[in-house]
């Protein structure tokens with residue numbers, strides 16, 4: 001199948017059930033007609049102008065998106081209702097069609113992004129070197145502020161734990177202790193990444209990010225297990241807490257202040273894209289939840305029933321284990337070489353084909369996680385009689401374009417003169 005057809009075949013065959021697409025290719029122009037059956041009626045939607053009303057297009061080796069457009073009605077209504085209410089009020093088939101077109105809109109946006117790289121020679125929105133330095137400085141500031149605040153709040157919560165002797169408050173305090181330990185782990189990771197060593201780490205230290213986060217999350221999940229066991233022991237022993245009014249006021253004041261500070265830090269750290277700073281944001285959000293539960297259960301245990309306090313500690317422990325176990329799984333996936341989603345591979349294919357007229361075939365397009373970003377491997381076929389200098393320049397400029405994408409850490413472009421050979425790499 002010609003590559004022109006392949007790109008849009010991938011683009012169009014993600015349609016919902018009971019939807020049929022006919023594809024016709026005319027030079028570099030691709031026509032697609034959709035037939036959707038809804039409530040017994042059949043109608044036609046032309047995603048591209050028909051031959052009669054379309055302006056003539058010049059023959060070109062490039063994939064052209066100028067004539068492509070989605071229908072004005074995408075099968076879904078956007079009348080301001082919440083997504084939750086639309087889910088129950090909108091017929092299932094209409095929801096599927098609407099979701100399908102939203103996916104196509106996102107894919108078109110990705111293709112337009114690739115077009116921008118072809119036209120301008122660089123990706124839009126890529127920060128300059130000066131902007132990158134300022135961003136790195138602000139990220140380091142966010143890490144230092146978080147660590148210093150965690151130290152101060154830990155001291156305050158130790159006092160609250162001593163005054164209240166609440167298991168839920170103690171669980172929250174132990175969480176703050178581990179915040180300091182985990183903060184040191186993340187700081188060490190970020191600091192190590194800023195010191196490149198081309199001899200020991202020839203492709204950089206970016207994989208230290210997910211490794212540091214996995215260690216961080218593992219320690220937090222271990223804390224949750226310990227608190228769970230201790231709270232269960234208290235429930236079996238039927239041991240409650242006792243506080244006078246002064247101790248209760250001190251505990252409430254400290255825990256409320258800590259929760260407010262953590263909430264503000266969470267909002268601050270969420271504004272960054274760096275994975276380590278966002279891990280701090282997740283930790284601050286976790287502290288807001290655990291502090292709120294710890295305070296509420298401690299006060300309720302004093303006012304009403306003793307068992308509310310260890311029950312609250314168990315809830316905190318379960319939340320801790322679930323949250324950080326999910327974080328571990330997410331970062332493990334980024335280290336094991338998981339393939340990029342089909343939409344991203346389609347963007348890469350579009351970029352590669354439009355790179356140069358002499359590219360006759362695209363043999364391989366592969367992208368997989370290797371840390372927080374993707375490694376990309378591309379095999380392209382050039383004319384066998386092409387000069388080495390010209391072939392090298394085509395491959396090198398394509399590599400530079402691929403590495404401009406924010407999701408790509410490193411790209412490898414392999415040049416060949418035919419595509420009927422056996423696999424060139426060992427597959428385990």
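Note that Cβ sites are derived from N, Cα and C of the backbone, with glycine treated the same way.
The topological domain 'Cytoplasmic' feature in Swiss-Prot is assigned to 1-140 (among others); the stated evidence is sequence analysis.
The transmembrane segment annotation in Swiss-Prot covers 141-161 (among others) and rests on sequence analysis. Nonlocal intrachain contacts for the transmembrane segment (141-161), taken as residues 6+ away from its ends with a CB within less than 8 angstroms of a stretch CB, comprise 169-170, 172-173, 176-177, 179-180, 183-184, 186-187, 190, 250-251, 254-255, 257-258, 261-262, 265, 268-269, 272, 276-277, 280, 284.
Here Swiss-Prot flags 162-167 (among others) as topological domain 'Vacuolar', drawing on sequence analysis.
Positions annotated as transmembrane segment by Swiss-Prot, on the basis of sequence analysis: 168-188 (among others). Beyond the transmembrane segment (168-188), the same-chain residues lying 6 or more positions past its ends with a Cβ under 8 Å from any Cβ of the stretch are 143, 146-147, 150-151, 153-154, 157-158, 160-161, 212-213, 215-216, 219-220, 223, 226-227, 231, 251, 255, 276, 279-280, 283, 286-287, 290-291, 293-295, 297-298, 301, 309-310, 312-313, 316-317, 320.
Taken from Swiss-Prot, the feature topological domain 'Cytoplasmic' applies to 189-209 (among others), supported by sequence analysis. Counting residues of the topological domain 'Cytoplasmic' (189-209) by DSSP class, helix then strand then coil, yields 7 helix, 0 strand, 14 coil.
Sequence-distant contacts of the transmembrane segment (210-230), counting only residues of its own chain at least 6 positions beyond either end whose CB sits under 8 Å from a CB of the stretch, comprise 167, 171, 174-175, 178, 181-182, 185-186, 188-190, 275-276, 279, 283, 286, 313-314, 316-321, 323-325, 327-328, 331-332, 334-335, 371-372. The transmembrane segment annotation in Swiss-Prot covers 210-230 (among others), and the record cites sequence analysis as its basis.
Summarising the annotation, Swiss-Prot assigns topological domain 'Vacuolar' to 231-248 (among others).
Annotation comment: Swiss-Prot describes 249-269 (among others) as transmembrane segment.
Secondary structure by DSSP for the topological domain 'Cytoplasmic' (270-287): 13 helix, 0 strand, 5 coil. The annotation topological domain 'Cytoplasmic' is assigned in Swiss-Prot to 270-287 (among others) on the grounds of sequence analysis.
Annotation source Swiss-Prot lists transmembrane segment at 288-308 (among others).
The annotation transmembrane segment is assigned in Swiss-Prot to 312-332 (among others).
Residues or ranges marked as topological domain 'Cytoplasmic' by Swiss-Prot: 333-428 (among others).
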Positions on the same chain near the topological domain 'Cytoplasmic' (189-209), where near means CB under 8 A and six or more residues out: 136, 139-140, 143, 275-276, 335, 370-373, 409-410
Distal contacts, the topological domain 'Cytoplasmic' (270-287) - CB-CB under 8 A, six or more residues away: 138-139, 142-143, 146, 172, 175-176, 179, 182-183, 186, 189-190, 209-210, 212-213, 216, 220, 258-259, 262-263, 319-320, 323, 327, 372
Averaged pLDDT, computed only over the residues in the topological domain 'Cytoplasmic' (270-287): 76
